[in-house]
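These features come from TrEMBL:
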ACT_SITE  F:2  active site, proton acceptor
DOMAIN    F:2-60  domain '4-oxalocrotonate tautomerase-like'
């Protein structure tokens, strides 16, 4: 029954990479906590680099350096 | 004052359906808990089917079956 | 497959009220969007009134007025 | 180490305004709680006005009045 | 820079299991997307079974069956 | 109408500090985006240090070093 939300910057993640993240997160919950994969939900949010900040700076600007 | 976040796959939800979800979720909080509708917020997130997984699989792939 | 997160202040919500919220939110998604209830998840977060603010003020203080 | 999520309607927020929000939220955590800015994350979500409701109504409709 | 939020029911998860979830989720992001582990954040939310619903029912009740 | 969610570790944050965070986040949205404070919601989540990870490690362990 777990719900996993993965939030990352929107920088060319492929459909196959997303599938690997979904499978990996689901397997983790099954292996560590014995959760039922049938009701394990994984949602990936891709966020524009203008909208993501760390250390007070936009990732868009950090990427230029 | 409640905040309700409805996360669904991005599969052609109409503006009218969104309005019905917003009204229905607000009414639910008013009826069950006596909350003030004026400050009840509902936010709907539509997520690409590549980014939503259940049972370790992408919804995009599950829809093909 | 929807995921609904209901965030409210922690002010004596009963187990029965929570069940009514869970049933009501699930029914809403089934009725409006034809979603499968079996994989519809509802999570209720109860938040201390010290930790919830509106109009720049803590709910704890607003409740005193 | 804090994580701040700012959710607003998608109504023409500029890159500069986003930078100001990121800087302001980071400074707030540093000043009030002495948090390390290097690991303070701020994520801004811009939500379509059809998908945001308050008082049971879509913001899209409220904006017309 | 990713942010991963794992939401599970509050049913006796140990400190060691939490550490394994944190390590596993971080490794997943590093391996699949080449993310920097130093700024990868994982937050686990444990939710009371009265507050978690699936298929319109409280997990507390589902556990009794 | 904004919704701001501040997630921090549960390490003795006082009621006054929470009030300062709520006021500061609300003012930020008013000043930068001209938002209406009356419907600006701020929610602070305090998370146990066992449940928060960075760089693949629990904050509980990082604090011991």
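Backbone N, Cα and C atoms are what each Cβ position is placed from, and that goes for glycine too.
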From the DSSP assignment alone, can you count helix, strand and coil residues within the domain '4-oxalocrotonate tautomerase-like' (F:2-60)?
27 helix, 19 strand, 13 coil
For the residue listed as 'active site, proton acceptor', just count the other CB atoms lying within 10 A of its CB, please.
25
What average pLDDT does the predicted model assign to the domain '4-oxalocrotonate tautomerase-like' (F:2-60)?
98
